[in-house]
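S.K.: Sharing a structure with you now.
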Amino acid sequence: MARTGALLLVALALAGCAQACIYKFGTSPDSKATVSGDHWDHGLNGENWEGKDGAGNAWVCKTGRKQSPINVPQYQVLDGKGSKIANGLQTQWSYPDLMSNGTSVQVINNGHTIQVQWTYNYAGHATIAIPAMHNQTNRIVDVLEMRPNDAADRVTAVPTQFHFHSTSEHLLAGKIYPLELHIVHQVTEKLEACKGGCFSVTGILFQLDNGPDNELLEPIFANMPSREGTFSNLPAGTTIKLGELLPSDRDYVTYEGSLTTPPCSEGLLWHVMTQPQRISFGQWNRYRLAVGLKECNSTETAADAGHHHHHRRLLHNHAHLEEVPAATSEPKHYFRRVMLAESANPDAYTCKAVAFGQNFRNPQYANGRTIKLARYH
């Protein structure tokens, strides 16, 4: 009898979902987001990420040995080991303001994060040290093994987009922060291994503050779309002061890691800033609603069901993260036009946020990796 009752409850729940149901971020039926490869979401914070990308290549989220994020050790631990990046080998950042002309800067809800991209040749960049004498075996992460007096060259890393995670993905000495910003950079010069594109990511942590909203975040948060697979153009004249989003104290921890979302490709050079920026309680709540749980109701009649309309929405040329090529990989076209996939009548649903959400991956084992501290001067 108990089993029969349980089955009846399940059947009633499924029947109820035909009219209204709660969907976690990344699964909303009104989504117009692209689908490439196996579906994934942050429901279990990456613990169930086993699948393949759109080309049929297996993700390495569960098998990789240099995965991100990690729990960053305390300063004293790194100082005690002498694990430091020499001043002359430290990464340098230069980010002028991002300026929208009304269509050149977008805030995108892609069903996995809130992301900012641009369609013009932004002059921002970072420069990363590499060995002065480099060959086809050298990689973007070689700075981790360079000694203070080693002769160095530099490569330019061009930012292609930035996005957010809540709560933070990296931990500092076990501490979790409410928000983390990732600025994704691409390197295509000098190193043979980077001809198809190498990636470096700069992570900025945010801590809650009792004061007013952080004005640096407001142009983004004021334009966050709530619907997955859609974007908002920043109004003409709106600026994002990306350089000021970097902490004034630019001490950072650096290590070799991976993408924090499928396919979790490895070989990335990570920089995690150790001084957090600030975010207000209201801004944090707004972000968590944008990636929150949705209650969706179907407005489609039985007659409509056989006449699903297909919707396609064009985004723009942008750097699309697929996988980090190995030194022997063929060059890939990372800049391409992305068309949001056809969906079975997503407009047949009305959805509203009903609970706060999250979009972070759990920390991964360091597995003996080299982790170094840069004391910025």
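Note that Cβ sites are derived from N, Cα and C of the backbone, with glycine treated the same way.
Small disclaimer: the values here were computed from a predicted structure and weren't measured.
What Swiss-Prot lists as Zn(2+) binding site is H163, H165, H182. For C61-C264, C194-C198, the entry in Swiss-Prot reads disulfide bond. According to Swiss-Prot, the feature N-linked glycosylation site maps to N101, N135, N297, an assignment based on experimental evidence. Taken from Swiss-Prot, the feature signal peptide applies to 1-20.
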S.K.: Taking the recorded Zn(2+) site as H163, H165, H182, identify the other residues of that chain whose CB atom sits within 8 Å of the mean position of the site's CB atoms, giving them in sequence order.
M.R.: T113, Q115, F162, F164, E169, E180, L181, G203, T260
S.K.: Determine the most Cβ-crowded residue among the binding-site residues H163, H165, H182, using a 10 Å radius around each Cβ and all protein chains in the structure.
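M.R.: Answer by Cβ density within 10 Å: H165.
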S.K.: Specify the secondary structure state of H165 (Zn(2+) binding site) as given by DSSP, simplified to three classes.
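M.R.: H165 (Zn(2+) binding site) sits in a strand per DSSP.
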S.K.: Do you know offhand how many angstrom separate H165 (Zn(2+) binding site) and C264 (disulfide bond) by C-alpha?
M.R.: 15
S.K.: Can you tell me whether DSSP puts C198 (disulfide bond) in helix, strand or coil?
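M.R.: C198 (disulfide bond) sits in a strand per DSSP.
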S.K.: Within 10 Å of the Cβ of C194 (disulfide bond), how many other Cβ atoms are there?
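M.R.: Counting Cβ neighbours of C194 (disulfide bond) within 10 Å gives 23.
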S.K.: Using Cβ-Cβ distances, find the residues under 8 Å from C264 (disulfide bond) that belong to the same chain and are at least 6 apart in sequence, listing them in sequence order.
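M.R.: Residues satisfying the criterion: W49, W59, V60, C61, G64, Q67, S258.
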S.K.: Note down the number of other Cβ atoms within 10 Å of the Cβ of C198 (disulfide bond), including every protein chain shown.
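M.R.: Excluding its own Cβ, C198 (disulfide bond) sees 25 Cβ atoms within 10 Å.
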S.K.: At the Cα level, what's the spacing in Å between N297 (N-linked glycosylation site) and H163 (Zn(2+) binding site), rounded?
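M.R.: Here the two Cα atoms are 29 Å apart.
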